[in-house]
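Enquirer: Please find one structure pasted underneath; my questions will follow.
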Amino acid sequence: MQNYKYDKAIVAESKNGGSPALNNNPRKGGSKRVLLICLDLFCLFMAGLPFIIIETSTIKPYHRGFYCNDESIKYPQKTGETINDAVLTAVGIVIAILAIITGEFYRIYYLKEKSRSTIQNPYVAALYKQVGCFLFGCAISQSFTDIAKVSIGRLRPHFLNVCNPDFSQINCSVGYIQNYRCRGEDSKVQEARKSFFSGHASFSMYTMLYLVLYLQARFTWRGARLLRPLLQFTLIMMAFYTGLSRVSDHKHHPSDVLAGFAQGALVACCIVFFVSDLFKTKTTLSLPPSAIRKDMLSPVDIDRSNHHNMV
């Protein structure tokens, strides 16, 4: 009877990661849960802080000069965009979160997988982890992008059209022109200095590649072997088209788009493999030998155990 009570205590402790304090003191467990959630939100805020500061402040990009014969910045400014910022953000985030909601629902309620999170509801815990990791990567990707834009200050392909400098006051024979004044609208001129690297390319590649890897980890149905590769191909092509549209819209140079693709892919891989648990090996919780009830063992095993104890 004493061994049986000890077994029940071990099983109860294992429900909360082997911590009897959390089982006996729900208030302490709740305060710890709130503290961990606040810490996660703080980390998410800090990851996106550079992006927030740059987008909401008057920080101006690096004032880069130009060559009068540079044909790469003489393109006309197009009205409108093939894919504007609102569409990019809405589609990228909505598709990703809907996919995560569906995938975690299938994993928790259909495959009956459990979560070791301090959050009691396993579905809520799974959503919290996966959506949180995804948004954390979004914040990192956008912060990287904006830091590069203001630090490098590369001129967009339509820069001269937006800047509209007074060439009568510029001596093009000196080569590289640094002292010049733009007659165009200042806000548009500052935006025309943020070519490297493409934010559309980096954000679209991050969100779509994250989804590709998420499908690889969660989409385990073997009924149609080509369905998952088709979905993954479609997602990558959506990101690819988004980046290419920035070149045809005269918003970015091809190298800006390639750099954006590389940055988005790098952040997605780092988040998936080093932050999330999508590809981590699942471990099963095993009880210590002392928690095994002796009445469930055969007489041979009991004699063998007694022999080892005597030795």
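Positions of Cβ are set from backbone N, Cα and C atoms, glycine also.
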Enquirer: What does Swiss-Prot say: are Tyr62 and Val150 on the same side of the membrane?
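Expert: Both are annotated on one side of the bilayer.
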Enquirer: Across the region 'Phosphatase sequence motif III' (245-256), what is the average pLDDT of the model, as a whole number?
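Expert: 97, rounded to a whole number.
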Enquirer: Residues sitting near the region 'Phosphatase sequence motif I' (149-157): Cβ under 8 Å, six or more positions beyond its termini, same chain?
Expert: 54, 59-64, 66, 72-75, 191-197, 199, 250-253, 256
Enquirer: Which one of these stretches, 34-54, 86-106, 124-144, 227-244, 259-279, has the most C-beta pairs shorter than 8 Å to the transmembrane segment (195-215)?
Expert: 259-279
Enquirer: What are the DSSP helix/strand/coil residue counts across the region 'Phosphatase sequence motif III' (245-256)?
Expert: 7 helix, 0 strand, 5 coil
Enquirer: Sort out the residues at least 6 away from either end of the topological domain 'Cytoplasmic' (216-226), same chain, that have Cβ-Cβ distances under 8 Å to it, and list them.
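Expert: Cβ under 8 Å, 6 or more out: 103-104, 106-107, 111, 232, 272, 278-279.
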Enquirer: In whole Å, how far is His200 (active site, proton donors) from His252 (active site, nucleophile) when you measure between their Cα atoms?
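Expert: Cα of His252 (active site, nucleophile) to Cα of His200 (active site, proton donors) measures 10 Å after rounding.
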Enquirer: Let me know how many other Cβ atoms fall within 10 Å of the Cβ of His252 (active site, nucleophile).
Expert: 28
